[in-house]
Amino acid sequence: MKSLLICLVLLELVWLGNGQSRDHQPLAPAFFVFGDSLVDSGNNNYIPTLARANYFPYGIDFGFPTGRFCNGRTVVDYGATYLGLPLVPPYLSPLSIGQNALRGVNYASAAAGILDETGRHYGARTTFNGQISQFEITIELRLRRFFQNPADLRKYLAKSIIGINIGSNDYINNYLMPERYSTSQTYSGEDYADLLIKTLSAQISRLYNLGARKMVLAGSGPLGCIPSQLSMVTGNNTSGCVTKINNMVSMFNSRLKDLANTLNTTLPGSFFVYQNVFDLFHDMVVNPSRYGLVVSNEACCGNGRYGGALTCLPLQQPCLDRNQYVFWDAFHPTETANKIIAHNTFSKSANYSYPISVYELAKL
């Protein structure tokens with residue numbers, strides 16, 4: 001317990017002391033993050049689940065394990081920095097209580113998906129529906145008291161950036177696991193993508209009704225290129241990825257972009273940005289040298305073929321040249337890869353965000 005308290009104090013110093021410019025006002029008042037292990041900053045540390053990253057070597061370049069599924073920072077950590085905000089504390093952490101919540105809260109939970117059933121074999125996780133409920137609690141019990149009237153709170157929420165990175169687990173921890181889930185027997189690839197988008201649309205409407213207006217929808221990456229999927233097949237195409245899986249994800253992503261367009265015209269006062277993570281990350285895998293990377297088909301910390309048969313274990317020694325790897329473990333990018341993704345999706349010069357960059361969204 002004592003060591004946990006020490007870690008929490010250290011985390012507070014990091015969150016409050018990093019990421020926010022001292023010379024300039026932030027571009028947005030707050031950054032609220034929803035999603036899965038790609039952006040979880042430690043929520044799963046507080047629940048009974050197998051989906052945890054609270055052990056070394058996770059966090060090796062952060063200073064200590066924080067619960068992030070990475071050697072260092074995630075893409076939303078860098079995203080917060082681009083917005084001029086401190087790193088966003090996890091909802092279940094004591095650090096998200098009080099004035100800290102005014103700069104944003106991270107609700108993301110490893111193994112979570114759009115569908116409530118997704119990831120259930122890991123044990124507890126906060127589904128996307130559950131995360132939205134936590135957002136509602138945040139508004140009512142943690143934020144409302146800081147505003148003199150409801151109009152000020154509505155203005156604050158409307159100016160805040162809402163980041164949504166969800167959907168990957170609905171494939172790798174649901175549809176692509178026929179021994180555990182029936183979705184692949186029930187739905188074709190296209191029908192499943194339709195189901196995900198229909199469900200997601202209703203969830204986004206909940207966020208809108210709670211006051212969210214500026215929302216960033218991150219597309220799923222090329223899941224057919226991650227080490228865990230490569231380790232399970234004997235034949236890959238010339239790009240080094242599993243084409244069938246990438247085609248499934250592309251069905252979801254194309255519909256997600258269409259959803260952003262639709263919501264921009266049907267939800268008054270809202271603005272949606274779609275982040276084309278798939279094409280960016282696929283290019284990083286196929287042309288790593290273009291981004292200063294070297295190894296793009298093997299995990300820095302993993303076991304078996306491509307380091308993807310069994311993910312990074314406690315106290316396992318990771319690769320030493322982590323800044324040359326695209327993948328940290330069997331599923332997740334390295335800090336270096338996350339930094340590249342954030343630059344191309346959050347920064348002023350981002351060229352993988354549609355129809356505008358997150359920087360421009362925040363300035364609206």
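Each Cβ is built from the backbone N, Cα and C atoms, and glycine gets one as well.
Pulled from Swiss-Prot:
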- Ser37: active site, nucleophile (ACT_SITE)
- Asp329: active site (ACT_SITE)
- His332: active site (ACT_SITE)
- Asn236: N-linked glycosylation site (CARBOHYD)
- Asn237: N-linked glycosylation site (CARBOHYD)
- Asn264: N-linked glycosylation site (CARBOHYD)
- Asn351: N-linked glycosylation site (CARBOHYD)
- 1-19: signal peptide (SIGNAL)
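Feature map: Swiss-Prot annotations on the structure.
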{"residue": "Ser37", "record": "active site, nucleophile", "Cβ contacts under 8 Å, 6 or more apart": "Asn44, Ala51, Ala53, Phe69, Ala108, Ser109, Ala110, Ala111, Asn169, Phe331, His332"}
{"residue": "Asn264", "record": "N-linked glycosylation site", "Cβ contacts under 8 Å, 6 or more apart": "Ser270, Phe271, Phe272"}
{"residue": "Asp329", "record": "active site", "Cβ contacts under 8 Å, 6 or more apart": "Phe69, Pro227, Ala299, Cys300, Cys301, Gly302, Gly307, Thr311, Cys312"}
{"residue": "Asn351", "record": "N-linked glycosylation site", "Cβ contacts under 8 Å, 6 or more apart": "Asn344"}
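Residue density at His332 (active site): 28 other Cβ atoms are found within 10 A of its Cβ, drawing on all protein chains shown. In three-state terms derived from DSSP, Asp329 (active site) belongs to neither a helical nor a strand segment and is classed as coil. In the three-state DSSP assignment, the secondary structure recorded for Asn264 (N-linked glycosylation site) is helix.
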